[in-house]
Amino acid sequence: MTLKVAINGFGRIGRSVLRALYESGKHHHINVVAVNELAEPEAMAHLLQYDSSHGRFFKPVSHDQEHLFIAHENGERDDIRILHQSDITLLPWHDLDVDIVLDCTGVYGSREDGLAHIKAGAKKVLFSHPAANDIDNTIIYGVNHKTLTSEHRIVSNGSCTTNCIVPVIKIIDDAFGIESGTITTIHSAMNDQQVIDGYHSDLRRTRAASQSIIPVDTKLHLGIGRIFPKFVDKFEAISVRVPTINVTAMDLSVTVKTNVKVNDVNQALSEVSRCTLEGIVDYTEAPLVSIDFNHDPHSAIVDGTQTRVSNKHLIKLLVWCDNEWGFANRMLDTALAMHASDAAQHSNKELRSKIAIKNS
């Protein structure tokens, strides 16, 4: 059965999610019925069609004042309703029969916010950013998505950086046993920075994004602890923004219990990328630079040429990700997993009902 979703917030992630839906072929399984965004429809359609990072969308896009239209090669089109509602409790999710709201605003993230979408008629909510501790689950697809149940109505997809580093941490921990670690995120500039010097509550972010490498706060270590409780207080992280518009590199250093060599580490990463985490983690030894990972759908790409081992127990890795495109693809994967958990519960109920009838 087709999953009906609505996108709340049509910025970098919201637009990437919609484009990834069609480029991945998942539009055969997911139907976007509405987009809620305060911007003008003309600008929404234009930025969906043309993107400075991801190029031109391969599907023709048009609009009227109430809809986005996505054209198909066979002459048919998808009509997506445009909403301009700032109060999420007033959104018509009930009338539109929305299964899951993909909240890509970056603004909402509490249980109360999720319940507001549900009160408006949505069955479930998936936040595109780290959320409060009182939500039902935080999912890093490929690592813990199988923990989803039908009872998980308010879910977070974590962040682009947790989706990048957590699967790699799992691989290393499963193979060698991690004791502790540190992470430096080297992140492309974002739209919370200034084009030229201007006011911001974070004084470092008052400075022009194109002119400096800018340290920013990060709570990545908290996200790791949420997914792996055994690593609470075992990881620390720092982050810097650099003057590129997309793609992020992550410098991961971990101490492990087992004696290891570089070849051991790379073999473990390469093998898992070809089996259990295929499509989530990739491995390369090609001499690539950041632009080469633009529009890559993987959560993480390990650069095996940069793997280092010191004193047999300290591992250093360089891991790349397209912080927009990879994350947008995981939003779709997680939404489908949430939907599948409902289908599984329905099947189990039917099976129990048949057994009860047979035994009566």
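Glycine is treated like the rest: Cβ placed from N, Cα and C.
According to Swiss-Prot, the feature active site, nucleophile maps to CYS160. Cβ-based neighbour count (10 Å, all protein chains) for CYS160 (active site, nucleophile) stands at 24. DSSP assigns CYS160 (active site, nucleophile) to a helical segment in the three-state reduction.
As annotated by Swiss-Prot, NAD(+) binding site applies to ARG12, ILE13, ASN323, with the evidence given as sequence analysis. Every protein chain shown contributes to the tally, and the Cβ of ILE13 (NAD(+) binding site) ends up with 26 other Cβ atoms within 10 Å.
Feature annotation from Swiss-Prot assigns substrate binding site to SER159, CYS160, THR161, ARG205, THR218, LYS219, ARG241; the stated evidence is sequence analysis. Secondary structure from DSSP puts THR218 (substrate binding site) in coil.
Same-chain residues at least 6 positions away in sequence with a Cβ under 8 Å from that of HIS187 (site 'Activates thiol group during catalysis') are, in sequence order, THR161, VAL216, SER239, VAL240, ARG241, VAL242, THR248, ASN323. What Swiss-Prot records for HIS187 is site 'Activates thiol group during catalysis', and it gives sequence analysis as the kind of evidence.
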For this session: Sorry to bug you, but what's the C-alpha spacing from CYS160 (active site, nucleophile) to THR218 (substrate binding site), rounded to the closest Å?
Result: 12
Seminar exercise, completed: Greatest Cα separation in angstrom, residues SER159, CYS160, THR161, ARG205, THR218, LYS219, ARG241 binding substrate per the record, works out to 20
Exercise. Which residue, out of the binding-site residues SER159, THR161, ASN323, shows the minimum number of other Cβ atoms inside 10 Å of its Cβ in this structure?
Worked result: SER159
Problem set entry | Winner by Cβ contact number (other Cβ atoms within 10 Å) across the binding-site residues ARG205, LYS219, ARG241 | ARG241
Problem set entry | Pairwise C-alpha maximum, in angstrom, for the residues (ARG12, ILE13, ASN323) that bind NAD(+) according to the record | 10
